[in-house]
């Protein structure tokens with residue numbers, strides 16, 4: 001190993017306790033040579049870091065160099081504790097570190113308070129920040145340049161030095177947690193991680209907004225398509241029915257003609273009979289005249305015959321001749337009489353028919369009389385209504401009161417809406433303003449963490465009928481903690497792989513589900529079959545009262561609700577019914593608590609303890625870990641408070657609604673009274689107009705019809721024959737047609753509105769797209785430049801670009817990485833399958849280093865970047881880090897690693913810091929670097 005240039009002294013003062021303590025030292029001693037040395041630092045660089053009673057350190061002072069600082073030490077010695085001290089000393093958030101959300105957890109175990117002091121280089125006078133952390137109340141005391149201050153003052157000073165603790169630590173977190181899984185990340189996930197780590201603060205927000213906008217745009221597009229499709233189908237149906245409607249109206253025209261012919265026929269018959277009657281009367285009168293003339297002509301002869309009969313006895317011949325003459329005259333008279341009788345009979349028939357027609361005319365006159373009487377009644381009622389006072393002022397007063405009630409109701413509805421929103425405004429690190437209920441928030445978190453499970457969830461909701469038994473969505477969606485403070489216990493106890501698992505009552509349902517989503521849809525999901533025997537009500541091994549003296553107040557099962565099958569599985573698999581949860585008292589008595597024979601796993605307020613007892617020596621060993629902050633199950637509501645508020649609002653709403661109904665009824669009565677006069681006037685006008693029109697229409701119609709019975713009968717037969725040709729038609733056809741016509745008009749209006757809304761929405765999306773996409777393209781180009789330079793320095797090739805198959809699908813945008821490690825191959829996309837493990841690790845680290853190059857800050861940190869690399873690629877990456885971090889213009893660099901290869905190339909600008917750990921560390925005041933080197937050389941010579 002090449003000898004590095006001598007650097008500053010880093011030392012650790014050991015505590016007197018027997019617990020393990022960390023120490024930091026340099027491989028070469030020396031003191032900083034004043035202002036000349038400090039002038040090589042970039043403004044904001046760390047000159048000194050002091051830690052006391054912090055995590056594994058009793059006391060240590062670290063003096064970093066201005067360029068690359070390599071922090072070397074075995075796992076668990078306290079290397080990452082230095083990063084934690086930098087973060088907390090610069091007013092960073094504990095949530096980013098992932099070790100616990102309370103700052104008191106970073107104080108060394110057994111101590112009541114801890115200290116951090118950081119000196120930052122600044123032209124014109126350095127900045128010294130002190131933070132004193134108290135365990136009891138998780139509070140901190142701050143000092144800036146020896147004066148007491150608040151945290152906001154420190155944050156402003158740090159910001160003025162262009163130190164972005166969140167961005168710095170975001171990069172550290174990606175490196176620490178994602179190196180092994182980086183190549184498995186999808187292009188979409190890589191883009192989101194890049195936006196969060198090095199993009200402008202609003203870039204990821206714009207991206208999320210665009211995805212939400214696109215979802216809304218899809219909804220509008222689907223609505224427009226649906227409306228357009230429905231409109232087209234309605235038009236097609238009406239077009240098909242239009243022929244039947246035309247046929248119906250044609251048939252109705254024939255029926256109307258038949259009706260008119262039937263009405264006119266009696267009039268024609270009446271007129272014909274009336275004319276015949278007049279003719280018969282004339283003929284009768286003529287016959288009477290002829291009969292009278294004949295009788296008058298025969299009268300003298302009859303008188304003479306009578307005289308002769310009286311005086312003379314006629315001869316036989318004369319009598320016979322006279323008799324014949326008399327018979328002939330009698331026959332003629334009889335014929336005339338018969339003709340007269342027939343005329344009388346015809347006259348009687350005609351009179352009878354005339355009487356019927358007169359009866360019909362009387363009925364018609366009666367209807368006219370009834371109509372006139374109805375009009376008179378309406379006029380009389382109108383006269384009475386006209387005497388009523390004007391009710392308009394009363395109606396206006398009621399309207400005012402109604403508006404007040406409506407405002408009150410709107411206020412109550414607003415309060416009810418606030419109550420519902422209170423249920424949805426959950427304690428989450430990022431409040432998703434477009435999520436309106438708890439399940440959507442949980443689903444969004446599930447989608448962000450595991451897209452395959454979210455896709456399977458959507459499939460399940462659409463195909464739930466396929467299953468015979470109960471099927472439950474992922475546990476994190478169906479578990480509801482009773483208090484948001486309980487969520488961290490549940491999440492720390494149940495692994496995420498089970499929290500995202502689907503639970504099935506029947507095994508055959510589970511197999512059917514996995515066949516669909518895993519085998520056919522190629523989704524990576526977890527599923528669980530609930531135990532056949534229910535364990536959800538199983539009793540704990542000991543009553544919680546018997547453990548209350550240790551501070552235990554409940555079992556884990558009592559902290560949340562879940563469906564029976566889910567709870568049954570958790571009781572069987574994770575013994576949630578038998579895991580006690582305690583408080584600070586439990587933590588203070590932990591040595592006594594772990595002696596209890598039945599306790600295997602337990603929780604204090606901030607830690608999880610696992611107790612193991614040796615089967616051979618019966619000795620007890622314990623391991624403890626800090627509880628991680630809850631991410632998924634903090635969403636809960638105060639159900640009792642919500643119920644009381646809803647009940648109170650319902651009572652107020654019922655009272656207002658009752659009064660509202662009373663006023664509406666009064667308004668209706670007054671409005672009816674006000675409108676009655678107008679209605680009566682309209683009725684009178686309609687009655688008169690209707691009768692006039694009916695008479696008018698029946699007459700101009702009659703004039704166009706035939707005037708003889710034969711013609712009418714012929715036309716009737718013809719129209720009936722034509723009407724009988726139109727079968728299977730009814731008024732329903734026309735009603736449906738007209739109804740659909742109105743529906744089509746309504747649909748056309750809605751379609752136009754939604755189309756306009758879609759156009760406006762697309763314009764907004766276009767503007768939002770420009771705000772997001774143009775800066776993103778510039779960012780990706782910058783990353784590509786850095787990434788390509790790193791690969792060229794290794795005689796390899798690498799490219800980074802923004803990839804999408806459809807520019808409008810904003811949730812499909814991603815970052816594509818393509819690499820080439822051999823001159824004989826082409827650029828290939830970085831995947832978990834195409835490149836070797838070492839090549840993937842190199843690509844991962846070079847991409848992350850490219851991100852850090854864009855994050856301009858006084859110092860940066862990378863943690864264990866060489867894990868998972870083969871020696872060749874580890875050497876490559878190390879050389880790049882050295883070249884990058886040791887340039888004159890670069891900022892301060894902290895490189896943390898548990899191991900190094902031999903014969904690496906070092907630079908004069910490097911500082912190597914060694915971290916040691918143990919119960920018997922050498923105190924810093926006894927540390928001598930020269931003696932240490934001599935001892936090492938002596939051992940090497942003996943070997």
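Glycine too: its Cβ is placed from the backbone N, Cα and C atoms.
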- Note on the structure: Checking 639-683, 684-728, 774-818 against TrEMBL, the stretch recorded as coiled coil is 639-683
- Query: Of the ranges 730-771, 856-897, 898-939, which one does TrEMBL list as coiled coil?
  - Reply: 730-771
- Query: By a Cβ-Cβ criterion of under 8 Å, what residues six or more beyond either terminus of the coiled coil (730-771) are in contact with it?
  - Reply: 206, 209-210, 213-214, 216-217, 220-221, 223-224, 227-228, 230-231, 234-235, 237-238, 241-242, 244-245, 248-249, 810
- Task: Could you tell me the mean pLDDT over the coiled coil (213-445), as a whole number?
- Result: 71
